[in-house]
Amino acid sequence: MRLIPLKTAAQVGKWAAAHIAKRINDFQPTAERPFVLGLPTGGTPLATYKALIELYQEGKVSFKHVVTFNMDEYVGISADHPESYRSFMYNNFFNHIDIQEENINLLNGNAEDHEAECQRYEDKIKSYGRINLFMGGVGNDGHIAFNEPASSLSSRTRIKTLTEDTRIANSRFFDGDINQVPKYALTIGVGTLLDSQEIMILVTGHNKALALEAAVEGSVNHLWTVSALQLHPKSVIVCDEPSTQELKVKTVKYFTELEAKNIVGF
């Protein structure tokens, strides 16, 4: 596992965007051989999406031959609801880059058969081989996507019940009213995520400090699904200073020295 310790959340966004752009450019994608990118929603990746849009506008990266898969979607709200993850992705990213509509893959939270929809999504991912790079965030309780505490670390895409903590955290997007926050979501599984060639998780803010500690210094534990990153051969966590407050000083020092040349300029 790599840990990229930066000072601010803005730096996390810029580092992550530069990393994604480099991966895409090094891959040299074509229509027949697209780069497959996994994407999250929420507050944490907004800085990354903003930085990626800037890189696109500067001509430093193209998404024409990039295929995307999103992590999750709420069940029971319309696709055009302002807080659906479809709306989030188009408003904050897709509408501002050159991605082709047919290359955008999103879970349908209003599908009549949720199990069939989840299997369709898994099959679609497999049709591309695997996801080249999956970017994600992490919840205060260490959940990745909507794989809440005690989720199976070999789980696949499925419907999940959201914990009250998650609904409270997400109520900030619903006028602070938890009753407006859906109780269920479709989400990729931890196993789905681990199938990716590379995983990059963004961690910002002091409220994520315990989750970061569990991911880096804790044992692999289904109560902290982010800890499953320890099982992956190519995972990277990009974090800001406030999120590292629960880590041992020597841990932060170790990774700061190890990644020194990769942090320069950010």
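Cβ atoms here come from the backbone N, Cα and C positions, even for glycine.
As recorded in Swiss-Prot:
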ACT_SITE  D72  active site, proton acceptor
ACT_SITE  D141  active site, for ring-opening step
ACT_SITE  H143  active site, proton acceptor
ACT_SITE  E148  active site, for ring-opening step
SITE      S151  site 'Part of the allosteric site'
SITE      R158  site 'Part of the allosteric site'
SITE      K160  site 'Part of the allosteric site'
SITE      T161  site 'Part of the allosteric site'
SITE      Y254  site 'Part of the allosteric site'
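Overlay of Swiss-Prot annotations on the structure.
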residue	record	DSSP (3 states)
D72	active site, proton acceptor	strand
D141	active site, for ring-opening step	coil
E148	active site, for ring-opening step	coil
R158	site 'Part of the allosteric site'	strand
Y254	site 'Part of the allosteric site'	helix
Response to the item:
Those recorded sites from S151, R158, K160 that fall inside 10 A of H143 (active site, proton acceptor) by CA distance are S151
Worksheet item: Reported as an integer number of Å, what is the Cα distance between S151 (site 'Part of the allosteric site') and K160 (site 'Part of the allosteric site')?
Response: 9
Worksheet item: Distance between T161 (site 'Part of the allosteric site') and Y254 (site 'Part of the allosteric site') at the Cα atoms, whole Å?
Response: 38
Worksheet item: When you put E148 (active site, for ring-opening step) at the centre and draw a 10 Å sphere around its Cα, which of the recorded positions D141, R158, K160, Y254 have their Cα inside it?
Response: D141, K160
Fill in: Residue among recorded positions D141, R158, Y254 with Cα closest to the Cα of D72 (active site, proton acceptor)
R158
Worksheet item: Counting only residues 6+ apart in the same chain, whose Cβ is under 8 Å from the Cβ of K160 (site 'Part of the allosteric site')?
Response: F146, N147, E148, S151, Y184, A185, L186, T187
Response to the item:
T161 (site 'Part of the allosteric site'), Cβ-centred 10 Å count of other Cβ atoms over all protein chains shown, is 12
